[in-house]
Amino acid sequence: MGLVELLKSHILCHLIIGYVFLASGLLVNLLQLCTLPLWWFNKQLARTVNCRLAYCISSQGVALLDWWSGTKCTLYTDPKDYPMYGKENGIVVLNHNFEVDFLCGWSFCERFGVLGSSKVLVKKELAYMPVIGWMWYFLEIVFCKRKWEEDRIAVTQSLKKLRDYPENFWFLLFCEGTRFTAQKHQISMEVAEKKGLPKLKHHLLPRTKGFWVTVQNLRGSVVAVYDTVLNFRNNETPTLLGILSGKKYHADLYVRRIPLESIPEGEAECAAWLHKLYQEKDNFQEEYIQTGRYPGPIVNSPQRPWPLVNWLCWSVLVLYPLGVFLVSLVSTGSTLSILVSVAFCSAASLVFRWMIGQTEISKGSGYGNKGNNNG
Ligand SMILES: CCCCC/C=C\C/C=C\CCCCCCCC(=O)SCCNC(=O)CCNC(=O)[C@H](O)C(C)(C)COP(=O)(O)OP(=O)(O)OC[C@H]1O[C@@H](n2cnc3c(N)ncnc32)[C@H](O)[C@@H]1OP(=O)(O)O
Ligand SMILES: CCCCCCCCCCCCCCCCCC(=O)OC[C@@H](O)COP(=O)(O)O
């Protein structure tokens with residue numbers, strides 16, 4: 001292991017990265033709170049400002065993936081569709097198999113200039129997470145409880161608000177509703193069998209209601225569905241801790257653009273369409289496993305330097321006062337203030353570790369497990 005690799009895997013580096021993320025993130029959350037009065041006077045301006053502020057947070061994740069760990073993301077898509085990416089609103093349907101799929105998603109959003117504005121149908125539990133969850137509140141992210149009786153009205157209302165959104169956005173849907181595990185796969189295939197649907201080898205059975213309600217409510221403002229399949233080379237299953245330790249991975253993403261007008265309007269027809277889409281996704285996945293490629297050519301989608309610039313700027317801004325504070329603490333601080341500071345840093349480290357834990361499949365919810373559909 002070289003010196004740089006050793007440094008990247010050192011806990012001190014992780015603590016510094018965690019401190020920059022939490023301190024800058026909470027500062028951005030505070031700035032977002034300050035935009036509240038603006039919503040009354042100029043809602044569209046408030047939304048634009050919040051997109052820029054959110055970029056300051058989520059692009060740190062991209063910097064971590066692209067620049068710190070050096071992970072490469074290769075895009076397979078039709079070159080004819082490529083110019084449309086980022087220039088129109090799209091619904092992204094992505095397979096939910098990896099702990100860092102959201103980071104790869106963010107990385108592609110960044111390349112196409114829609115990182116600050118991008119949306120997702122996300123479980124309500126994540127709304128309470130400091131920094132990211134609080135940021136999402138100001139981005140008008142759509143939260144769901146994964147209980148259709150309760151979600152139907154709330155999700156519809158949130159989606160309707162996005163119709164006049166001033167920035168182009170991608171709306172991410174993990175239609176499986178939870179991360180892939182062998183047990184959840186077995187159970188969802190039992191459901192597929194009962195419903196007379198063909199089995200899927202690599203995906204959980206998709207939940208169709210969220211997709212249908214999203215398509216119906218965003219018709220007119222969203223132009224296309226982007227069917228996307230993500231995989232990592234060499235059968236790797238990357239983790240956020242691995243990326244934090246500087247481990248380099250190689251992601252391959254397949255994107256297929258499907259015009260929204262080709263999707264049926266009725267609920268049953270739309271559900272059948274989604275089930276067919278997942279069978280096709282399963283075939284693309286199988287092709288990737290067999291050949292190491294997706295259909296179609298590789299298109300160059302270059303990284304931009306802005307996540308790194310943003311990260312460096314925030315690092316200087318929050319590390320300088322920390323340095324000054326530590327020097328004064330050591331030179332003049334009492335034992336009590338040193339102890340209080342150590343306790344505070346330990347608590348912040350635990351919060352950061354807890355946030356990382358949210359990405360870990362082993363700590364995932366019981367949703368989709370037998371007898372615990374909404375667990
Ligand atoms: C590459 C480009 C990327 C771009 C990225 C863009 C943006 C990035 C932005 C942010 C990144 C951050 C990412 C954060 C990730 C976090 C994401 C999540 O939180 S995923 C969880 C939340 N999302 C979803 O659940 C979406 C899918 N779910 C639905 O659509 C659901 O229908 C619902 C609307 C949530 C309602 O939930 P409910 O449980 O009530 O579902 P259903 O009503 O559908 O369930 C009953 C239905 O399902 C059948 N059933 C029962 N058991 C199963 C099973 N195990 N598997 C499948 N189906 C099952 C049951 O028979 C019922 O069927 P029917 O509908 O026919 O009656
Ligand atoms: C330098 C910058 C550092 C950035 C590091 C960021 C550290 C903390 C990041 C935490 C961000 C978490 C936000 C996304 C969480 C993704 C978790 C997820 O994918 O949710 C799972 C749900 O789909 C379903 O849940 P389960 O039913 O599977 O349970």
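From the backbone N, Cα and C atoms, a Cβ is placed for every residue, glycine too.
Please treat TrEMBL annotations as automatic predictions, because they have not gone through curation.
If you check TrEMBL, you get these features:
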- 90-212: domain 'Phospholipid/glycerol acyltransferase' (DOMAIN)
- 12-40: transmembrane segment (TRANSMEM)
- 308-330: transmembrane segment (TRANSMEM)
- 336-356: transmembrane segment (TRANSMEM)
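Sequence-distant contacts of the transmembrane segment (308-330), counting only residues of its own chain at least 6 positions beyond either end whose CB sits under 8 Å from a CB of the stretch, comprise 16, 19-20, 23-24, 27, 55-56, 59-60, 63, 66-67, 337-338, 341. Secondary structure of the domain 'Phospholipid/glycerol acyltransferase' (90-212) per DSSP, as helix, strand and coil residue counts: 57 helix, 17 strand, 49 coil. When pLDDT is averaged over the domain 'Phospholipid/glycerol acyltransferase' (90-212), the result is 97.
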